[in-house]
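*Asks:* Below is the structure I would like to discuss, written out as structure tokens.
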Amino acid sequence: MKAVIILGLVLLSVTVQGKIFERCELARTLKRLGLDGYRGISLANWVCLAKWESGYNTQATNYNPGDQSTDYGIFQINSHYWCNNGKTPGAVNACHISCNALLQDNIADAVTCAKRVVRDPQGIRAWVAWRNHCQNRDVSQYVQGCGV
């Protein structure tokens with residue numbers, strides 16, 4: 001019985017952690033997926049955005065109690081506007097995607113949705129972390145030494 005309890009505690013302590021990209025690995029992946037220069041946004045800005053939104057973690061989520069929405073994945077894409085989690089009141093789902101798809105280690109769906117986000121008038125300014133940490137700053141460090 002004691003062994004079962006210990007095993008249960010061990011299993012409870014295991015957290016699901018998605019892929020956490022290395023900076024240059026992410027830069028190369030985003031370039032391959034067509035984000036470098038997309039809508040005039042440099043690759044360095046995309047990598048900066050991902051750093052400050054999720055710490056490059058594909059499984060990152062953040063609940064927003066105000067509107068009962070959740071931000072998902074490497075770009076922290078919001079369930080109120082962009083994806084469907086089946087829980088957010090009045091969700092729009094402009095990317096026509098399940099929010100869970102934004103948590104995959106393969107970030108192709110997240111990139112496709114991010115491209116949809118920046119086609120809106122706010123562009124990359126839709127992300128608060130980009131405005132706070134990347135906008136009007138030298139972001140070249142985010143791709144420096146990556147060969148991209």
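Cβ atoms here come from the backbone N, Cα and C positions, even for glycine.
Grabbed the feature section from Swiss-Prot, which reads as follows:
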type	residues	note
ACT_SITE	Glu53	active site
ACT_SITE	Asp71	active site
DISULFID	Cys24-Cys146	disulfide bond
DISULFID	Cys48-Cys134	disulfide bond
DISULFID	Cys83-Cys99	disulfide bond
DISULFID	Cys95-Cys113	disulfide bond
DOMAIN	19-148	domain 'C-type lysozyme'
SIGNAL	1-18	signal peptide
*Asks:* Would you find the one among the disulfide-bonded residues Cys95, Cys99, Cys146 whose Cβ has the most company, meaning other Cβ atoms within 10 Å?
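*Replies:* Per the Cβ count, the most surrounded site is Cys99.
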*Asks:* By DSSP, what is the split of the domain 'C-type lysozyme' (19-148) into helix, strand and coil residues?
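*Replies:* For that range the per-state counts are 55 helix, 14 strand, 61 coil.
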*Asks:* When you measure from the Cβ of Cys113 (disulfide bond), how many other Cβ atoms are you left with inside 10 Å?
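*Replies:* Other Cβ atoms within 10 Å of Cys113 (disulfide bond): 23.
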*Asks:* Grab the pLDDT values for the domain 'C-type lysozyme' (19-148) and give me their mean, rounded.
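*Replies:* A mean pLDDT of 97 is what the model gives the domain 'C-type lysozyme' (19-148).
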*Asks:* Within 10 Å of the Cβ of Cys24 (disulfide bond), how many other Cβ atoms can you find? Include all protein chains, please.
*Replies:* 16
*Asks:* For each of Cys48, Cys83, Cys134, count the other CB atoms within 10 A of its CB; which of these disulfide-bonded residues has the top count?
*Replies:* Cys83
*Asks:* What are the sequence-distant neighbours of Glu53 (active site), meaning same chain, six or more residues apart, C-beta distance under 8 angstroms?
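*Replies:* Spatial neighbours, sequence-distant, of Glu53 (active site): Ala60, Asp71, Ile74, Phe75, Gln76, Trp127, Ala129, Trp130.
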*Asks:* Cys99 (disulfide bond) to Cys48 (disulfide bond): how many Å between their Cα atoms?
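*Replies:* Checking the Cα atoms of Cys99 (disulfide bond) and Cys48 (disulfide bond) gives a distance of 22 Å.
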*Asks:* Nearest to Cys113 (disulfide bond) by Cα distance: which of the disulfide-bonded residues Cys48, Cys83, Cys134, Cys146 is it?
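*Replies:* Going through Cys48, Cys83, Cys134, Cys146 one by one, the closest to Cys113 (disulfide bond) is Cys83.
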